[in-house]
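Peer 1: A single structure is presented below for examination.
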Amino acid sequence: METTGEVVKTTTGSDGGVTVVRSNAPSDFHMAPRSETSNTPPNSVAPPPPPPPQNSFTPSAAMDGFSSGPIKKRRGRPRKYGHDGAAVTLSPNPISSAAPTTSHVIDFSTTSEKRGKMKPATPTPSSFIRPKYQVENLGEWSPSSAAANFTPHIITVNAGEDVTKRIISFSQQGSLAICVLCANGVVSSVTLRQPDSSGGTLTYEGRFEILSLSGTFMPSDSDGTRSRTGGMSVSLASPDGRVVGGGVAGLLVAATPIQVVVGTFLGGTNQQEQTPKPHNHNFMSSPLMPTSSNVADHRTIRPMTSSLPISTWTPSFPSDSRHKHSHDFNITLT
């Protein structure tokens, strides 16, 4: 069969199939003729095509390739999968052990050439060295020292009672010394010693608030007679704002209940009577001042007979210069 401008060839096979080939058909549409001499049975299956060539790329080979060059440490979490999608096997060793680090520990067990050189300590200049002062030996402390046996007490004085008498009666209950610390309350009458040389006393009557009260009463033993020595000093404020004070030389009558804080402790009389033990002193000797023969030995113990030092309070009322002898004055403040 022929057509205009085209050539058609028809081939009939033994199985009755027809193959049509056109001369002007593109090469992509050409079909290969079936071989008639093929001995392949019709029900046979064609062999599968050969698999495509695969790349023999493994993580170990990649690590071997990178081992020759320097390894760049990356930040962040390591990859879980490689470029081909296969799981990456992590090394059991930590990252810190991958690259050896320089040790800063000095090994003293090696030879002397490899030992670290220690720089000697710089000597401190003598100008920066503080001198050490030695404390003077004051003798041995007895187990019954004043600091260990100081006991505070509160004495309550009722209205109308004498504060001085109440404190002295409390001190006579034992052989302890009495130290008056403070007091609060109001007094109605007080007798104070004059600060001038006349030796007189002044008595103030009225209502005075106690600002401060202090004093000491020490036990003394003179010719087998035990007594108390000491005194008190007081500062008072009047209702009009004036302040009077001085050594208590007589009554100190309470106008309201007064609380007095005192402390009891062991006196130093028994400790001074003991013979002092010789002690070695390593202090520099200083030249002694010449002393007269009538000066008593410093080891002689004298009982305390004088009271507290006279205060420098000045009386609120001027004293009359005509009185040249010891006189007592009774002054009432309203």
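Cβ atoms are placed via backbone N, Cα and C, with glycine included.
Because the structure is a prediction, the values reported are computed rather than measured.
Residues annotated as region 'Disordered' in Swiss-Prot: 1-103, 109-128, 306-334. As annotated by Swiss-Prot, compositional bias 'Basic residues' applies to 71-80. Under the heading DNA-binding region, Swiss-Prot lists 72-84, citing sequence analysis as support. Among the features that Swiss-Prot reports, motif 'Bipartite nuclear localization signal' is placed at 72-80, with the record citing a curator's inference. For 90-103, 306-319, the entry in Swiss-Prot reads compositional bias 'Polar residues'. Look at Swiss-Prot and you will find 147-287 tagged as domain 'PPC'.
Help me picture these features in the structure, burial and contacts included.
Peer 2: Averaged across the DNA-binding region (72-84), the predicted model reaches a pLDDT of 74.
The domain 'PPC' (147-287): residue composition by secondary structure is 14 helix, 79 strand, 48 coil, according to DSSP.
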Peer 1: Please list, for the DNA-binding region (72-84), how many residues fall into helix, strand and coil according to DSSP.
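Peer 2: Computed counts for the DNA-binding region (72-84) are 0 helix, 1 strand, 12 coil.
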